[in-house]
Amino acid sequence: MAQSIFMAGILIGGIVLGDLSDRFGRKTILTCSYLLLAASGSGAAFSPTLPIYMVFRFLCGCGISGITLSTVILNVEWLPTRMRAIMSTALGYCYTTGQFILPGLAYIIPQWRWLQLTVSLPFFIFFLSSWWTPESIRWLVLSGKSSKALKILQRVAAFNGKKAEGERLSLEELKFNLQKEISLAKAKYSAVDLFRMPILRRVTFCLSLAWFATGFAYYSLAMGVEEFGVNLYLLQIIFGGVDIPAKFITIVSLSYLGRHITQATALLLAGGAILALTFVPLDMQTLRTVLAVFGKGCLSSSFSCLFLYTSELYPTVIRQTGMGISNLWTRVGSMLSPLVKITGEVQPLIPNIIYGIITLLGGSAALFLPETLNRPLPETIEDMENWSSQTKKPKQEPEVEKASQRIPLKPYEPGLGSS
């Protein structure tokens, strides 16, 4: 119950904080989410009753959702196209590092209250350090804070050793480069708009199924480690270790084969591994563990790809809404995942069959998504319609983006970020 409540917090946090991020800024929500996670996590360690503990765990879920969404959006809005896949994978390795550290801490600190407090206190430090995180330039300009945006750009230019270039920037140049985005900001879009246009309907449906399948299958393996008959602490380390080669393969595949192939292949392989568990006897623990670890690695790759792929598929005018909907579906999957295990009381084979089939469906849906490799971010819904009328072969980046990428201090060039 506590785990389901925690997942519910992540789901609600994705909806609420996604909208607040558009209103108050990515940095503000990131900072507040760090504080929320630090406070609620510490509070959970001192909870006198189960209901109070579950309230704090719900708030922890909200905080984690805010941190994840804000980090992904800032990553996309600040970095040039050629660096997004690399940075997305680097962030994934940070998650892997945490998964390595946690079993060691749990072994050293067996008392759950002290363990909960130990992993929560560092977020007070992250809360303080987040004040030095630069706000999204796009969001500042579109919110009428161009002067502040210019100062941040000049500070970033100086940090990158381009102080002279930064000083030559002007408000007029900044607004000129974001002319299109400023005009687009006047139009208001909602979640309903995701289903009005055929191309957006297709993208939303396919992404929702891929996100749902990834969360659904990932937590079926992550929360069932005790079923494989291997030492709990050791298996957690193995589960973390498989992320290292998995994410490396992911970044190579994203950069050369594309997002489309990488996403579909990761889910199809994971679904196949989970279905294979159905036919492996319980006494063959080594083989079952190998299949589970392989499936978990594929699902980790799917998560890494989805965060980047989703942010690149949705146009600027509705990107945050699309990310929020996607986050919602993966949390629905993670909430339903533990409940499916109940069907194992009727027939032990049923849970893995359900997990495997849903994952294969998610991989099949990803085959219908357009490729985004080497494409500028779509600004409008019309940009996406143009994609659907073209072949899936990646096209070269426009000259305006190529030229701007030679000047690293201009992360605000057209087609680079989102509003």
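The chain as shown is numbered from 1 upward.
Cβ atoms here come from the backbone N, Cα and C positions, even for glycine.
Feature annotations, reproduced from TrEMBL:
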- 394-404: compositional bias 'Basic and acidic residues' (COMPBIAS)
- 1-374: domain 'Major facilitator superfamily (MFS) profile' (DOMAIN)
- 381-419: region 'Disordered' (REGION)
- 6-21: transmembrane segment (TRANSMEM)
- 28-46: transmembrane segment (TRANSMEM)
- 52-74: transmembrane segment (TRANSMEM)
- 86-108: transmembrane segment (TRANSMEM)
- 114-133: transmembrane segment (TRANSMEM)
- 203-221: transmembrane segment (TRANSMEM)
- 233-257: transmembrane segment (TRANSMEM)
- 264-282: transmembrane segment (TRANSMEM)
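Three or more CB pairs closer than 8 A are found between the transmembrane segment (28-46) and the transmembrane segment (114-133), so contact between the two stretches is assigned (pairs 6 or more residues apart). Counting C-beta pairs under 8 angstroms (sequence separation of 6 or more), the transmembrane segment (114-133) fails to reach the transmembrane segment (203-221), with fewer than 3 such pairs. The largest share of C-beta pairs under 8 angstroms with the transmembrane segment (264-282) comes from 203-221, of the ranges 6-21, 86-108, 203-221, 233-257. Beyond the ends of the transmembrane segment (86-108), by six or more residues, the same chain brings 71-72, 75, 79, 115, 118-119, 232-234, 236-237, 239-241, 243-244, 247-248, 250-251, 254-255, 300, 303-304, 307-308 to within a C-beta distance below 8 angstroms of the stretch.
When Cβ-Cβ distances below 8 Å are used as the criterion, the transmembrane segment (233-257) is approached by residues 85-86, 88-89, 92-93, 95-96, 99-100, 102-104, 106-107, 221-222, 225, 265-266, 289, 293-294, 296-298, 300-301, 304-305, 308, 373 of the same chain, each at least six residues removed from its ends.
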